[in-house]
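Okay, so here's the structure we're looking at.
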């Protein structure tokens, strides 16, 4: 872009950080909120909530910039990504690097308000976010790595609330890995032909004709692990009701993706926001129900 105005430049940064597409923030935020509430004996501390919500927005935005930096030589060959700011020249490589660094720095300053264990965990969290885009070059299922990166707020949440990393935090993280493989395979089914042409790896390519089966199997593993967490943490019936609603949402996704229509697969991917929300409502309701019983 030649001599862009301030408004045009800010709009380009807005698109680069995907703030115009909040689904990524929500898919990152829901597991973090599950972790915060499941780790808390009651309503979580306000500072912890603020740091994690703001940090989620900042690091998801930074991750999008890092992703586009890594993929800038590929995105022009993919129909869905050829208008990204780094491809069109609306944002320079130097500007993108500085933006990613600035966002990460602000997120780190927020983390410094919490305990030393959370601060220590922020370093592998940053590494996961920065390295994920490169895994599409050599991992057959980079979506599994994405699940770890997107779910790392879970052990950080337990560390912030309890000062420890109990087994439940890691089970919840593993559950999130299966969920991420499920929803990001739906996403990858949209780009499969383009990814094959440019040599990018994805779970949709790896699973091939078994892609739909793999997605549903991952949903199943995710829900089983979430139920295990609920049993271990002695959650009340609304938690498991939330899992039941999530299972119905997953079945709806099967109806969307079984014919492998690109638009329907993308719709299923976006719809995972409601699956995450259903579980969070179940977590909140379970906490309220248990508090009501204890107060009697």
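Here the Cβ of each residue, glycine as well, is placed from N, Cα and C on the backbone.
Database features, via Swiss-Prot:
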TRANSMEM  23-43  transmembrane segment
TRANSMEM  46-66  transmembrane segment
TRANSMEM  99-119  transmembrane segment
TRANSMEM  141-161  transmembrane segment
TRANSMEM  163-183  transmembrane segment
TRANSMEM  211-231  transmembrane segment
TRANSMEM  237-257  transmembrane segment
TRANSMEM  265-285  transmembrane segment
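For the transmembrane segment (46-66), the partner stretch with the most Cβ pairs below 8 Å, chosen from 99-119, 141-161, 265-285, is 99-119. Fewer than three CB pairs closer than 8 A are found between the transmembrane segment (141-161) and the transmembrane segment (211-231), and contact between the two stretches is not assigned (pairs 6 or more residues apart). When each of the listed stretches 99-119, 163-183, 237-257, 265-285 is scored by C-beta pairs under 8 angstroms to the transmembrane segment (23-43), 265-285 comes out highest.
Scored by C-beta pairs under 8 angstroms, the transmembrane segment (211-231) has its highest count with 237-257, from the stretches 99-119, 237-257, 265-285. Counted as Cβ pairs under 8 Å, contacts with the transmembrane segment (265-285) are highest for 237-257 among 99-119, 163-183, 237-257.
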